[in-house]
Amino acid sequence: MVSENGAVNEDLVKERQNCSFNTLELTHLLDGGEAKTLERKEREEYFLSDPAFKDEVPMEYLSHQEQYEHSVRKACHMFRKLQEMPHGSMDNFREPPVESVAQRIKQLLGGMLGSAILKDGNPLALHYVMFLPTLAGQGTVEQQAYWISRAWNLEIVGTYAQTELGHGTFIRGLETTATYDPSTQEFVLNSPTLTAYKWWPGGLGHTANYAVVVAQLYTQGKCHGIHPFIVQLRDEETHMPMPGIIIGEIGAKLGMNTTNNGYLGFKQVRIPRENMLMKNNKVLEDGTYVKSPSDKLTYGTMMFVRVVICQDMASYLSKAVTIATRYSAVRHQSEMKPGAPEPQVLDYRTQQYKLLPSIASVFAMKFSANWIWEMYNVVNSELDQGDLERLPELHAVSCCLKALCTSDAASAVEIVRLACGGHGYMKSSNLPSTYGLVTAACTYEGENTVLLLQTARYLMKTWQQARSGQTLTPSVAYLNLYSDWRQPRTVWENTTDCVIKAFYQVAAGKVKAAAEHMERRAKGGMTPEDAWNETSIELVAASTAHCRAFIVEKFIETVSKTDVSRPLQAVLCQMAELYAVYWLLNNKGDFLMFSNLSPADVDGLQLWLEQLLTKLRPNAVGIVDSFDIHDDILASPLGAWDGRVYERLFEESQKSPLNKEPVNKSFHEYMKPFLRSNL
Ligand SMILES: Cc1cc2nc3c(=O)[nH]c(=O)nc-3n(C[C@H](O)[C@H](O)[C@H](O)COP(=O)(O)OP(=O)(O)OC[C@H]3O[C@@H](n4cnc5c(N)ncnc54)[C@H](O)[C@@H]3O)c2cc1C
C-alpha cells in the first residue's frame, strides 16, 4: 500500500506495532550503551546535515574524473570538519568522555558514516588507515616525531605502497629495489621490470605526495629482504611527480572507484638514509645492516586492521539487510492463495530464508569481532611482559575470522540484493556499491584463501600437539576432546549444547582428515610442500569449519550472558540458533560424517529452522530498525524509514541527466537517419 502525503507506509507501521521487544534497548546494546548511541547520533547529525556533502547529481552519473574530483573535495571537507568538531562540549557532563579523534577517524572511514559521505571510497583513507599507523609502528622515535607530526597536520598526504603488478600475496617476491649508496648516504629506489611497478595502493594515483614503499633492501652487495621506506612522490607545492617517479591511477574497478588506487614506478630515485623506517632493522651510515631481534612486533597493526574489517563488514551488511527487509515488508507480489490479496514478499518462506540468516550474520560478526578485540588486548598485554605464547593463536584466529566475515558479508549482500528483485539491481538501491565495497575486502589485507591456509598451518601444528597429548590453548582445545571422530555416536538433540559440540566435532574431523591425507601423501613420497598443495582444498575447509565453530559458540555464549529484558533475550537467542542451524543444514554432509547427527535427525533440524523463521518473522523490521541507520547512510529508496519506496524510486529516476530533456540529441544524430535509411 502506497502512503499518502509523505506518511509512513502502512505495512511498516503495522510491522513496528507488532514488534515484540523494545528496539531502543537493542540499539543501545549494539552501540555499547545509551551514551554511545547519543554520541553516534550527534556525530551523524554534525556531518550529515552539512549541505556540502549532498550531491545535486548522484555520483554515478558523473564521469570517472568528476567522481574523483568530488571525492577529494568531500574528503577534504570531511577531515576539516573533523578538526573543527567541538571536542569538549559534552565533556562536562558525560562519562566516559567524548570519543577520541582516532575513534572519530575510524567512524569517518567505516561502513556507516564514511560510506554515506563517500559511497565509492575515500581517496584520503590510506593516509589514516595505513600511512600513519605504519609510521607509528615502524618508525624510530625521531622518525615518528618528524613524520607523524607532518602527516597528522596534513602537511603531507601519504599512502602505503606494497603490492606490485607481479606480486601481491607473496611479498618476499616483490621486485622494487632500494640499494644503499654509502658515498652519499642515500638509498636508490628502482623498478627493474614492469612487474615491479607498485599497483593498487589507495590514494596513490593523484592524491598522495608521499608513500611508505616496501622494497628489497640491498647494502654492501647483499639483499636483506623487504623493508619500508618513506618516499616523496610529488612536489609539495606543485604536486608534480618528483624526478624519476612514474605515477598514475590504475583505472576503473568493480567498486571503490573513488579511492584513487594507483601505480608507481621508480627510475633510480634517491632518498636520504634516514627515510628507511628503522624501528626494527637498521642500515648504519657505512652500510652495515643491523637486524632486529624480533620482527613479530608488526603483528599488532595487522591484527588491529583485521578486527576493524570485521566490524566494517557487520556495518555494511546491517545496511544491506535493513534496505532489503524494509523493502520486503513494503513490497507485495503474487498470490499465495487464489483470489487472496497479494502478500508482503516478507511472508514468503524463501524470502525469510534469504533475509533472516543474513540479519543473524550481522550479530555473529559483531560479537566475534568484540571477542577477538578482547583477546587482542589480553595478548598485547602479555606481549608487553615478553610473553609471546598466544601470539600464533591470535594470528590464526584473526586470519580466518577476517576471511569468513568478508566472504559471508559478500555473499549475504548479494543474497539480499537478489531478494529485492529488479529494484535491487538499481544503483540507487545502494546494494551494488555496498557489494563493491564488501567484496573488495575479500582481497585486501590478506587474500581470503591465503589467510585460511595460514590458519590451517596453525591447525596442523596444533593437531600434532593434540596427538602427542599436549594441552592446547583455548581456541583449539576441542582438538583434544574430539580427536577421535570414529568414537561411538551419542543421541542427537536439537539443543544449542549439542549444536555447538557438533560444530567442533566437524572442525576436529576436518582438521584430522586434512592432517591424515597430508601425512599419507608425504609417506607416499611427496615432498611436504607438494603434500600441502595437494591437500589444500581440505585445509581451507578445515580452517573454515574451525572458524565457523567458534563464531557459533561465541554467538550463543554472548546472547545467553547478555543482560537484557526477556523479550529481547528471546529474539537474540532465536537469532543465534538460526545462525547455527542455517550453517549446519548448509553443510549437513559434514555433520552427518563427523558429528552425532544422523540422517533421521535432519528433518527435525529443517523443522527447527522453519520454526525459527516463523518466530523471527514478526520482528524482522524491528530488528533492522534497531540498527538505527540514518536514512542518509542507507541512501536507498528501498530502505528508507518511511517505506515510500515507489515515490523515492521515481524521484531518483528523475535525477538521471537523460531525463533533463524530452529528446536526446542522439535521436537526430543517429537514430533518425538510421531509421529513415531503412525506409
Ligand atoms: C580494493 C583494493 C585495495 C587495495 N589497496 C592496497 C593498498 O592500499 N596498498 C597495497 O599495497 N595493496 C593494496 N591492494 C592489493 C592487495 O593487498 C592484493 O590484491 C592482495 O594482497 C592479493 O594479492 P594479488 O592481488 O596479487 O593476488 P594473488 O596473490 O596473485 O592471488 C591470486 C590467486 O592466487 C591464489 N594464491 C596466491 N598465493 C597462494 C598460495 N600461497 N596458496 C594458494 N593460493 C594462492 C589466491 O588465493 C588467489 O586466488 C588492494 C587490493 C584491492 C582489491
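Cβ coordinates come from backbone N, Cα and C, glycine included.
Nobody curates TrEMBL annotations by hand; they come from automatic prediction.
Model, not experiment: these values are computed from the prediction.
Feature annotations, reproduced from TrEMBL:
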type: ACT_SITE; residues: GLU445; note: active site, proton acceptor
type: BINDING; residues: THR163, GLY202; note: FAD binding site
type: DOMAIN; residues: 22-157; note: domain 'Acyl-coenzyme A oxidase N-terminal'
type: DOMAIN; residues: 299-460; note: domain 'Acyl-CoA oxidase C-alpha1'
type: DOMAIN; residues: 497-675; note: domain 'Acyl-CoA oxidase C-terminal'
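GLU445 (active site, proton acceptor) is 11 Å away from THR163 (FAD binding site) when you measure Cα to Cα. Counting every protein chain shown, the Cβ of GLY202 (FAD binding site) has 27 other Cβ atoms within 10 Å.
Within the same chain, the residues at least 6 positions away from the residue listed as 'active site, proton acceptor' whose Cβ sits under 8 Å from its Cβ are MET302, VAL305, ARG306, ILE309, LYS402, listed in sequence order. Over all protein chains present, the Cβ of THR163 (FAD binding site) has 18 other Cβ atoms lying within 10 Å.
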